[in-house]
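Asker: As annotated by TrEMBL, pyruvate binding site applies to Thr28, Val192. Among the features that TrEMBL reports, active site, proton donor/acceptor is placed at Tyr119. Annotation source TrEMBL lists active site, schiff-base intermediate with substrate at Lys149.
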Amino acid sequence: INLPVIRQYVDYLVNEQNVKNVFVNGTTGEGLSLSIQERKQLAEEWMCQGKDKLDHVIIHVGALNLPECQELARHAAAIGAGGIAVIAPFFFKPTNKDELVAFLQKVASEAPEVPFYYYHIPPLTGVKIRVEELLDGIKAQIPTFQGVKFSDTDLLDLAQSINKNGTGEFDFLYGVDEQLLSALAVGANGAVGSTYNYLGRQTNLMLQAFAKPDFALAQQYQFLTGEFLSFVIKLGFGVAQTKAVMTFVSGIPMGPPRLPLVDASSEFIVKAKAKLDSIVWPNAD
């Protein structure tokens, strides 16, 4: 891991993309491919470099075993994280709500003052327990429960979850970038995604248009984001390719992914750059 680049990364996000909240050691950050010590080092560096620059630093502390999750949760609390998040364990999986909540509670209780988020990403974990069901009575078992990072395309589950918890008690942070506008329409109140590293400014303009409301302008931004993502998905788009895109957009060397992932091809980089350069974003005025 390349810790010295994080200072430059923070400044780029804040100054160039108007992004002031980060989610550390998640999917795009390959958190689950890192050692516990590496994850702690990264969390510390983001907290250090983000001080007085970032509004919120949420640290993902999920792992395949409970002791590591708990150790990472204690560490996040000790360094002053604004929140922690946990995915469902995905080798030996929880098979129902009670098993999942029991696991999450054991992690959350190690950081009793830190807002806690469930990171719902069934395409990668294979844990398909519906969020609507999970949220029922969860505050009684996890007092620090703050919300969900919802990285699934099931907008019915998202909508029902928001409808049942419509008092603003929980945050619903949507994680499928190409469907963000749809999620906003049913009540999502934030987003966590990999494209916001390099399309944060445009996404913020989409959020502003939605809030106005200027739905036609918001649609334009979402359609153009979708046009780029649809193009690169056909080429083969994952974490390695995201690093490549972020590198050529920002000029910051994001480095290679860790095995079993392999570097994006030079052909991908050429085509993706040409496509992104060809997109004409609407005038925010």
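Glycine residues also receive a Cβ, built from the backbone N, Cα and C atoms like all the rest.
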Asker: Lys149 (active site, schiff-base intermediate with substrate) to Val192 (pyruvate binding site): how many Å between their Cα atoms?
Answerer: 7
Asker: Could you give the Cα-Cα distance between Tyr119 (active site, proton donor/acceptor) and Val192 (pyruvate binding site), in whole Å?
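Answerer: Computed Cα spacing between Tyr119 (active site, proton donor/acceptor) and Val192 (pyruvate binding site) is 10 Å.
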Asker: Look at each of the recorded positions, Thr28, Tyr119, Lys149, Val192, and point out the one with the fewest other Cβ atoms around it within 10 Å.
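Answerer: So among Thr28, Tyr119, Lys149, Val192, the recorded positions given, the one with the fewest Cβ atoms within 10 Å is Thr28.
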